[in-house]
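Engineer: Below you'll find the structure I mean.
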């Protein structure tokens with residue numbers, strides 16, 4: 001059996017399409033077996049210390065809502081664990097059939113069980129025992145209806161409806177590997193509805209970080225929505241060198257980061273895997289960690305799940321920059337942080353002011369730090385008093401001047417890949 005791993009040309013990420021054919025010999029005594037799919041995952045799983053987290057939980061009992069381009073329920077890694085919700089773009093599609101590639105790839109990174117086509121090794125998700133509820137709310141370039149989606153307003157409101165659907169049908173975490181540059185009131189309201197129901201919402205910060213033409217005067221990339229809405233955990237992408245990937249948006253919506261380069265996904269060719277770049281993939285990985293946290297602590301509030309993720313970063317949340325937020329998420333440390341947060345009694349009284357802000361005495365002046373006049377902070381700090389002191393869960397979102405409306409697209413939107421070079425063989429079944 002031959003398995004192709006193809007690097008997908010991610011238009012907004014600016015990657016180069018390359019095809020790599022890796023043969024898997026038939027299994028047998030004394031025969032070494034290549035594992036290209038798992039090899040492609042090892043760097044990201046290692047960076048996030050996922051194997052250590054699996055000693056505690058693999059996400060059992062958690063449902064993740066994937067509001068995306070749809071999920072292929074028959075994908076081997078996902079068989080039996082995906083509930084297909086409605087297609088919010090049915091009016092756009094007409095009689096055509098969507099590809100459901102991007103959404104399937106995200107679902108695999110979240111909940112894949114590691115078994116691929118033909119019983120071979122496949123993609124394993126960060127939370128392989130979690131379940132997926134999938135709603136199609138965006139089109140992708142491989143869809144026959146993509147042109148209609150891009151040039152008409154028929155898909156307006158689909159993501160907001162999708163968010164509300166998965167909330168009402170049991171989602172504990174929502175993955176939004178998609179974005180647009182303009183705000184939508186119905187989408188903002190849907191996010192608020194999700195958070196009010198205790199659902200953790202994770203979204204991609206966008207892939208315009210290498211398009212300087214769209215930067216503001218201070219060098220920041222455009223804000224992407226829904227990542228910039230209040231209550232959303234906004235995720236940036238890193239390389240294997242643990243620095244910001246060039247395509248990843250740099251602005252103050254970023255809360256945390258995760259690997260986003262050369263992660264495995266599926267493509268148009270049956271049985272082929274693609275290496276994908278983008279904040280979409282990073283978001284799926286963080287959604288997987290959120291699912292692990294919710295598996296261990298089902299009632300932990302969304303703000304505290306966010307705080308656990310922040311506490312897991314290399315600086316433990318002590319530092320921040322607009323490129324990576326607080327830094328790369330560590331799954332094992334996030335679970336440990338969630339344990340500490342969950343142990344604080346809900347009715348614990350806060351500490352007296354003197355013990356929190358210094359020795360006793362009369363209150364002193366508070367230094368006011370001015371913020372830029374062009375920015376408006378729409379959500380600030382959530383402070384919960386506890387035995388161990390105040391716990392701050394910070395979510396910062398800023399709004400810029402409204403832009404021309406654009407349809408929502410996958411955060412790692414990609415055109416069809418280049419033809420596979422003949423020297424590397426043809427896709428299985430061709």
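Backbone N, Cα and C define each Cβ position, glycine as well.
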Engineer: According to TrEMBL, which of these ranges is transmembrane segment: 377-401, 402-426?
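Structural biologist: In TrEMBL, residues 377-401 carry the label transmembrane segment.
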Engineer: Where residue 68 (active site, charge relay system) and residue 102 (active site, charge relay system) are concerned, what is their Cα separation in Å, rounded?
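Structural biologist: Residue 102 (active site, charge relay system) has its Cα 7 Å from the Cα of residue 68 (active site, charge relay system).
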Engineer: Rounded to a whole number, how many Å is the Cα of residue 280 (active site, charge relay system) away from the Cα of residue 102 (active site, charge relay system)?
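Structural biologist: On Cα coordinates alone, these residues lie 9 Å apart.
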Engineer: What does DSSP assign residue 68 (active site, charge relay system), in three states?
Structural biologist: strand
Engineer: Could you find out if DSSP has residue 102 (active site, charge relay system) as helix, strand or coil?
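Structural biologist: In three-state terms, residue 102 (active site, charge relay system) counts as helix.
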